[in-house]
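Structure provided below as structure tokens; questions to follow.
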Amino acid sequence: MALDGCGLVCKFFLVLFNVIFALVGLAFLSLGLWLRFSENTRPIFNIEELNSSTFVIAVTVLIVLGTIMLIVVTFGDYGACSEKRGALQVFSCLVALLAGAEICVGVLAYSYREEVGVRLGELYTNIYTIYAATGDAALAVTLLFIHNWLHCCGVTGIKLIETVKDTCPSPQGFLEHIAMPSCPVTIMGIFKSKAFVMLCIFIGTGALLLVALICSVVLGCQLRQSTSSPQYIVLTQSTPAMVTPEPNPQIISSSLHDQDPVVITPLSVVTIPVPQA
């Protein structure tokens with residue numbers, strides 16, 4: 001259907017947004033499923049005492065969040081590319097719920113920043129302990145990402161005694177060859193000192209979801225207008241019809257004065273086909 005400039009921009013933004021959203025959701029779901037069903041970490045979920053641990057909760061959140069994101073992307077891409085109003089309406093509802101949840105989680109995390117920092121430190125300790133015992137590849141990638149992002153190394157920070165020193169970042173300075181910041185302490189300190197930055201990240205992500213929601217609503221409105229408009233052209237001026245001139249009767253005067261004049265109407269010309277020899 002024909003869309004104006006605003007509709008095309010909204011459609012392009014929705015497609016780009018859904019592609020990025022799909023990659024992030026696929027990464028969350030893949031990491032969560034790997035940690036859940038890997039041979040090294042699967043026994044953790046079979047122990048009832050560990051079902052409420054931070055590691056199990058984090059893996060469950062990854063799987064659920066990744067699944068929800070992929071469902072949202074499916075409706076968003078189908079609605080934007082195929083220009084289906086029904087799919088866009090479902091996408092708008094899901095994005096609105098995600099945006100509200102994102103902002104609420106950010107506010108709660110900021111309000112309970114000390115407890116959240118402790119929980120995140122416990123999560124790192126659980127990942128560290130499981131990796132040290134099993135050497136799981138998914139946990140190695142996770143630790144490598146955390147270490148390079150926060151520039152820390154293990155639980156103690158001393159590379160000579162750390163069992164995960166192969167995932168630690170390159171030292172910056174002479175002293176860091178001996179000891180680097182401890183990751184649990186760094187995580188708790190960053191979340192306490194930069195809780196406002198974390199809140200801004202959550203709110204910014206929610207605002208991005210709201211922009212996607214607005215684009216979806218605008219695109220849906222334009223599709224509704226184009227659907228309700230007539231698909232034919234209405235003529236505003238009547239076309240003049242071809243009027244066949246009526247033959248003028250010819251009056252022939254009679255030479256006799258006692259008789260009335262005879263009116264002869266000319267016959268219409270009829271084309272008679274002539275047979276060819």
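From the backbone N, Cα and C atoms, a Cβ is placed for every residue, glycine too.
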Between Cys168, Cys183, work out which one TrEMBL annotates as bonded to Cys153 by a disulfide.
Cys168
Within 10 Å of each Cβ, count the other Cβ atoms, then let me know which of the disulfide-bonded residues Cys153, Cys168 comes out lowest.
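Ranked by other Cβ atoms within 10 Å, the disulfide-bonded residues Cys153, Cys168 bottom out at Cys168.
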